[in-house]
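Q: When I checked Swiss-Prot for this same protein, it listed these features:
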REGION    1-26  region 'Disordered'
CARBOHYD  Asn164  N-linked glycosylation site
REGION    345-367  region 'Disordered'
CARBOHYD  Asn643  N-linked glycosylation site
CARBOHYD  Asn657  N-linked glycosylation site
CARBOHYD  Asn668  N-linked glycosylation site
CARBOHYD  Asn695  N-linked glycosylation site
TRANSMEM  747-767  transmembrane segment
TRANSMEM  783-803  transmembrane segment
CARBOHYD  Asn894  N-linked glycosylation site
CARBOHYD  Asn1018  N-linked glycosylation site
TRANSMEM  1055-1075  transmembrane segment
CARBOHYD  Asn1420  N-linked glycosylation site
TRANSMEM  1445-1465  transmembrane segment
TRANSMEM  1478-1498  transmembrane segment
TRANSMEM  1506-1526  transmembrane segment
CARBOHYD  Asn1533  N-linked glycosylation site
REGION    1628-1657  region 'Disordered'
DOMAIN    1729-1785  domain 'DEK-C'
Amino acid sequence: MASRRMSMYSVTSEGMGGPRGAGQQSTSVSTTTLLNAIHNIYLASQPYRLDAGTSLVVNTWLTATQAGPDGEVGGTVDPALAARAWEHARRRAEDGCIILGSLHQSTPSVMKPFLRSFPVSLPSSVFKALEALDPFIHCVAPFNPSAPRHAALGVTLTMNLAGNVTAASIALSQAGIDTAAGLLSIPAEAGYRAFDVFYHLLSSASTPAEREFLGLKSASSYALLARSGTYDPPSYLPTADDGASADDLRAALKEIGIKGSSHRDFISTLAALLKLGDTLDYTVDEEVLEEVCEDVGGLLGVDPEVLAKQCTTEDRQTLVGGLYEALVDWVISKANQAIQAQLARIRDGDESSDGGRGARTPNSAEDNGDTVCLTILEVPDLALAKALAMRGIFDDSQGINSEMKQDGVEVASAGQSVLRETQNAVVEAGPLLGDMSGPKGRDRQHHLEKREEVLEKVGIVADDDCFFKKLLFPVSGQGIQLGQAGRLDIQGVLGSSRAWYHLSIHPTDDSPASLAALPSINSAWSAGTVSRQLRAWRLPEWANRRNKNLDFTADFDVEEFVQRYSILGCREGRDGIETWILERGWSNGEVVVGHERVWMRESAWWEAENMLDMKPMGDMPMGASNLMAPPGVMAMDTGYSHNGSGYFPPINDAASNGSRDQLLHQRNQSQATLAMGMGHSPGVAPSVAPSGLRNVSKGDYGLGGKGDNHRDEILFNNEGEFVGALDPELANNKKIEEQQTSKSRRMWVALVWAITFWIPSPLLRYVGRMKRPDVRMAWREKFVLCFIIFLLNAAIVFWIIFLGRLLCPNFDKVWTRDEVKQHQGDTDFWVSNRGKVYDISKFWKIPHGDVGNEATQDLMQPFAGLSMDAYIPPPLFKACPGLGIGDRLALVPNATETENSAGMHISGPGQANPTSGLADANWYPDVFLPRMKEYYKGELVWDASKINSEGQNQDHKWVIYDNKVYDLRDYFSTLKTMNNLAQYKFLDDSLTQVVERNPGTDVTGTWNGLLSNAQRNNLTTYTTLRNNMNCMDNYFYVGTVDFRYTARCQTNNYFLLAFAIIMCAVILLKFVSALQFGSKRRPSPQDKFVICQVPAYTEGEDSLRKALDSLTALQYDNKRKLICVICDGVLTGEGNDRPTPKIVLDILGVDPKVDPPALPFKSVGASSEQLNYGKVYSGLYEFEGNVVPYVVVVKVGKESEQSKAKPGNRGKRDSQILLMSFLNRVHHRAPMNPLELEMFHQINNIIGVDPELYEYLLMIDADTCVREDALTRLVASCASDAKIAGICGETSLQNEERSWWTMIQVYEYFISHHLAKAFESLFGSVTCLPGCFTMYRLRTADKGKPLIISDNVIRDYSDCYVDTLHKKNLLSLGEDRYLTTLMTKHFPYMSFKFNPNAFCQTAAPEKWSVLLSQRRRWINSTIHNLVELMTLKEMCGFCCFSMRFVVFVDLFGTIILPATCVYLGYLIYTVASGTGPFPLITLIMLAAVYGLQALIFILKRQWQHIGWMIIYLLAFPIYSFILPIYSFWNQDNFSWGNTRIVVGESGKKTIVAVDDEGFDPRSIPLQRWDDYALANNLPGRRGGAGPTEKMDHVFADAYEMDDMRSVYSAARPGSVLTGMNRNTAYMSPNSPAPYQHMSRSPTAYAGPTPYSDNPAARQSMVSMSPYQDTNHGRMMSMSNLRNVANASPVPTRAGTAMGFAGGSRAPLGQSEAARQSTMSFDFQRNAAGPDDFQIVDAIRAVLMEVDLDTVTKKQVRALVEQRLQTELVGERRTFLDRQIDNELANM
């Protein structure tokens, strides 16, 4: 056996990436970057390589129960670590120890899966032994369904250098098992169980005789098991059944030799332990104690008296724990015997090493006798694992670190905090490490001594031949050896072995039960939980320490080094070694020559070993050949070798563990070059900035220095005159074009000129400074629109305020008696008299009256609101002259009207007090009437129906004459009272008879007839009648007929009321639509692919970062969302210190030295502005543990634009069109421009998602923050309603209290969503989906018909010629609203919805000027868009509430906002001044409007909005008057370009002057992706078929080629469009997280690297290094795959061998079936492949193996294709689906 290398604590430190050229890592690893990378590998079920000797994996019980390609379960492990450990052991003839450490109590065991991934064949008995041992050392706990209760368990493998296992053993560490937690002191909480073996015992399907002999009962009958009340395994486990597990255990025990009498002794001991546990209660009854001890003594062969009398309760407790641990040791010893027996059979040739699955292992005669030991040490104890790892990594006082320091290698201190934590960890785990000096150690020592004493006391008196004694005394005559014999000395193993670390992380603190409900096995994730584990173990410091300073995985004595590598040119002596190192291109950091040793990093060592492998065996130097691969064993595949060396199996498509559902599992590469050749093709622009402006040392992303130091430069000539502007008026030297004008446009122009003909154009040109005809025309159009708006507003004000007065004058100057009665206040004191209404509020309090009759307030108060006719009658002889009435004659008034005698004012001779002024007969006409005239208000009116009713029904003697009402009731009653005395009958009988016969009627005609006849026949009679009529007017007149209810007066009111009712109905509907009381349950996770588009213009860094962070943090599957940032030009916003694209790229963590080429595409612009250039960047962005792919497109403009202020800027609409057009061409598989081809390549081949998979487009603004669940809610809404084409959520303000201007917007934002949009959403026709937060469906769910990416929408939305006022307002101001209008126009039967539960926040304008500008755009675009909507045909709904009507209401409401404000001001004035009737209905409507809104706030518990509503109302004049007026008048306030000038419109033609070279569409080459990919050897070709069904696991568009690079930006081959330099390429950096710690500098060894022109890109995978961080080497031809399929003896697991980046993975979309498939057929084009019978057989075989209750059809299809080793498409896919249904139906 080869000698052991002592104190080899080498922990390798190569990063996840490929070999580093520098000696030190350039970037430190932080917790965030490490957290990001861990999340990536968790999603991909891959390991993460922390350094060359350390791997991290993430596992849960879910991942541990998933079957791998070999059909076994166990979770994620790193086979590469096992392979590295083996290669170091065999090549260096040194022992190794792989520590499987757990960082969390919930992590499952990975011992068995790790052993299965080992690069040598292990005997099957090893796995059977571990299977048998598991129930003894694991138990159920709430935090882990298989919680380990042992400190450490080791499997030691002794192998010869040929890779044959010569010996193997299993052993517990000396710390043993925690029997307290697993048996004696189970927590009395639900969810805990004892060791699983006891439940298996009770559930075992043993014979009845066996159960009777053991006396077994239910688990609840045993005190040891009944503490927690949990007896069954967790129900969430897919195979949770103690009975089945018991059968498996019995079979496993039988395999390792525990059968027959041994099995009976074994189960007897277990039963005895259960029974003995019933005696551990201090209060146990003595009889019960004796009975139990009698039973236990019989099972164990021990005298019951010893157990009952000589052992205390504590002794029995110690006995139970010690005996159980001794039983476990016995099981392990039996297992080791079985392993040795199998190995003996293998050596004898009777059995193969892998149980018959492979070739026979050569016997011992075939090896040279040297052996090495590899110990796989599982350390589930958190404290022990942490102590072992941190001491080995950070402690410089021992191990390899100490040896390096002594040899002169600079070893930086780990830092005081790290060393302190390391020391604390070692102290904490001291007893487990054998250190008994501390308090815990002394307690542990006391426990062990006590246990030995009790076991010896009981064991001595046991029967000599009993099993019990054999357990306690396995070696006769040596006493109790428990914890020593057969145990593993961890300190000794580590002291003689090279240590490797395989650390298991758990992704969440959630209970295991909660994981069962997750949608996928990799869904559980808590960044805080993982971060806590990383920090607790100091893994960032670990990575930085190892990778920066101590990345040495091999070390040699100087002589040994020379001897081994002399054949490669290494010469003797230190100088010879250093010279050879320099020749190899290794820096001092890669190979360090110490005082006595040479220390090598992993990459350098493998390069040297690779060169040795390439040498013929005969050339090997002495001492080296025996360490090389022996005959018949393939050498390791290092990636640097050409013949391989047996390290890794061939890594190809079939070996990568990725799928399109597993994004972020590979390191992304961006595809651009650092430099271009001197020449370039016309189709591609050179780098944007001239070389003289580019900061090559610091990097500027290839965007130049514009905006960083000098902004908005204006070019002037030597004379200081502005240059570059066109002649704005004349079209000289310009190309003249003629365009057809639509009929509607011609009619509008005619109307404009008809209204504005009187305004001369010279006046506009010279006074208004409008030199251009199109600008003047826009002003005229604006004038006409404002004039029309003014007329509408004036009409509204006139209609509401003045029309009613014109139709019904004096309607507010009359009152009924009841209305008069309402005025009884101290300041509102009204009375009526003789048909007149008086307001005596200023009179009644004034003392007045005669001597002795002074009127006071108390006396006057009762008369308020009353009629004073009976109280103040005129003298009858004065009121009725010419009728012969005596001066004392008076009528008797109605008694009911003169109840208060104090009010009687009898004037004239009838006054009883001659001294009173009333005694004057002229007091009434001369004093009373003139004074009352001062307080006259109007006429008293009577309802005609009331007059008629009382006259006809109550014999009320009153009539109507000429609309005057005369009441003769007192006249007739006085006559009746006076018996018709002649003196009281002073009225003409002809008149009174009419009244008597027609009371309550209109007698105008009758009386007029009497007057006419008298006038014709008898003038005396006529004179008498006239005197009668005069008397009527003076004495009997009581008012006029109420005219306010006539048709003339009511028509306008009814019109207003009708509109009021309609408005109220709309408001009520809006209110109802806002009352959505449904629960806000979070929808289930969605699996749709979504592009999150963020157009960036001049936003600041804070806004951009918040927007990107919010998208990254969305609670949506990270692999199914893509952030697409489109920077609209290279320009610097106000307050920024650099251009917006640079800010975006800085945030995303892109390397500033990256300079992708500028690629042409067609923009939305006039003439030559349609040609634009853009750059594409891609990578990963990390925030709070979420890692999301991104694509950034920067519009950089043509070369001629670089001197302008805004190169590349074409507007937000162009940014939207850029992506929409790309997705349109992806959908139709149409030819693409170079920029789109590069975008397709970045998304499809680098990010790994077929762009056709994306189903939704989420549009947000760069200053918008989206709530975490918003995207899920929007997608869920669309998933539940396939008719939804667009949907938006609620937008609120994030800066609501920043200024007064933001405060007045809060309420408006809330109510515009919860009333307006919620109401429109009822019709499925939200008229404005805001661009700041809207999601569109890309294609219909049923037939895949394109929606927002349809040709019609893109054609209308990308109108390049925006040269009229209407188009300007549509496409330049309100592009978001117009996009909604176009969607509604082209897809009228689709729905556009509002989801109030999807929430985002945006930044509102904080300054008045900004608010003014924003609202100008909004208001004007609203008007013009609603006009467009009014013209649509399919806008009708149900009843009158059609969508067209709602649109009309919105349009009209926007236009008449100023009138609304004026009317509200008028109302306030009217109410405040009391100059008119109280507007009750209007105020009720206003109260209803805002009351319902307030009710919404209250019901939604948004109390704060009540306050915001008050602030909004205070600012109402601003919103309804100032902003609209300003907006209307500034409709033509645009920047008018000089490229195309409309110089005139005549008839059907528009004359346009063009001042540039124009745009030739042929200047932008177009090519289909498949043709482009085929011509340039790119993967991801999709074939000619249309879109196919997208599956979760298997995709029909598997990669076909052996490379993933962009023709525009990858190094090889040069772009067919750019002809770029072939010597350089760049690696696109990821976000500041995952891989900043990996150097990107190329190395000088082993030929080209991924960062140079790598010729290995097309080589067989045998020659590709798993260490190379590249995607080039991942692929190989199918023929090469088949040639090397069996080249390596190392078995491969699914997934790569080198973790996240060390081994390449397929991008998302490469499924497991695709990885294992070696061919892909389209049976429509290729007749090869399986026939129908083979497919049916495969389906039946798969259905026999899967769980039909949980498996999905897609999974069955994937498994069938995997079994067939073929991907089925076309008709074969259809047949497969149909046959699966048939088989399921027949089962």
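Think of each number as a place in line: the chain as shown, counted from 1.
Every residue, even glycine, has its Cβ placed from backbone N, Cα and C.
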Q: State the residues, same chain only, that lie 6 or more residues beyond the ends of the transmembrane segment (747-767) and have a CB under 8 A from a CB inside it; answer 'none' if no residue qualifies.
A: 729, 741, 776-777, 779-781, 783-784, 787, 1545
Q: Once the DSSP letters are reduced so that anything not helix or strand counts as coil, what is Asn1420 (N-linked glycosylation site)?
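A: In the DSSP reduction, Asn1420 (N-linked glycosylation site) maps to helix.
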Q: Just to be sure I understand, if DSSP states are collapsed into helix, strand and coil, how many residues of the domain 'DEK-C' (1729-1785) fall in each?
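A: Residue counts in helix, strand and coil order: 41 helix, 1 strand, 15 coil.
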Q: Do any residues, 6 or more residues outside the transmembrane segment (1055-1075), come within under 8 Å Cβ-to-Cβ of it, and if so which ones?
A: 799-800, 1314-1316, 1318-1319, 1321-1322, 1440-1441, 1446, 1449, 1481, 1485, 1488-1489, 1492-1493, 1495-1496, 1499
Q: Taking every protein chain shown into account, which of the glycosylation sites Asn164, Asn894 has the largest tally of Cβ atoms within 10 Å of its Cβ?
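A: Buried the deepest by this measure is Asn164.
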Q: Which of the glycosylation sites Asn164, Asn1018, Asn1420, Asn1533 has its Cα nearest to the Cα of Asn894 (N-linked glycosylation site)?
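A: Given the candidates Asn164, Asn1018, Asn1420, Asn1533, the nearest one is Asn1018.
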Q: Using Cα coordinates, what distance in whole Å links Asn1533 (N-linked glycosylation site) and Asn1420 (N-linked glycosylation site)?
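A: About 11 Å separates the two Cα atoms.
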Q: Taking only the Cα atoms, work out how far Asn1018 (N-linked glycosylation site) lies from Asn1420 (N-linked glycosylation site), in Å, as a whole number.
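A: Asn1018 (N-linked glycosylation site) and Asn1420 (N-linked glycosylation site) have their Cα atoms 77 Å apart.
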Q: Give residue numbers and ranges for long-range contacts of the transmembrane segment (1506-1526): same chain, 6 or more residues beyond its ends, CB-CB under 8 A.
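A: Contacts with the transmembrane segment (1506-1526): 1296, 1303-1304, 1306-1308, 1310-1311, 1412, 1415-1416, 1419, 1454, 1457-1458, 1460-1462, 1464, 1490, 1493-1494, 1497-1498.
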Q: What Cα-Cα separation, expressed in whole Å, is found between Asn164 (N-linked glycosylation site) and Asn1420 (N-linked glycosylation site)?
A: 83
Q: Short question: which residues 6 or more past the ends of the transmembrane segment (1478-1498) have a Cβ under 8 Å from it?
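A: Same-chain contacts beyond the flanks: 1057, 1060, 1063-1064, 1067-1068, 1071, 1074-1075, 1311, 1314-1315, 1467, 1470-1471, 1505-1506, 1509, 1513.
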Q: Including all protein chains displayed, how many Cβ atoms other than that of Asn1420 (N-linked glycosylation site) lie within 10 Å of its Cβ?
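A: Neighbour count, Cβ to Cβ under the 10 Å cut-off: 26.
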Q: Limited to the domain 'DEK-C' (1729-1785), I'd like the whole-number average of pLDDT.
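A: Averaged over the domain 'DEK-C' (1729-1785), the predicted model reaches a pLDDT of 83.
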Q: Provide the number of Cβ atoms within 10 Å of the Cβ of Asn1018 (N-linked glycosylation site), excluding the reference atom itself.
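A: Asn1018 (N-linked glycosylation site): 12 neighbouring Cβ atoms within 10 Å.
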Q: So for Asn1533 (N-linked glycosylation site), how many other CB atoms are inside 10 Å of its CB?
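A: Excluding its own Cβ, Asn1533 (N-linked glycosylation site) sees 16 Cβ atoms within 10 Å.
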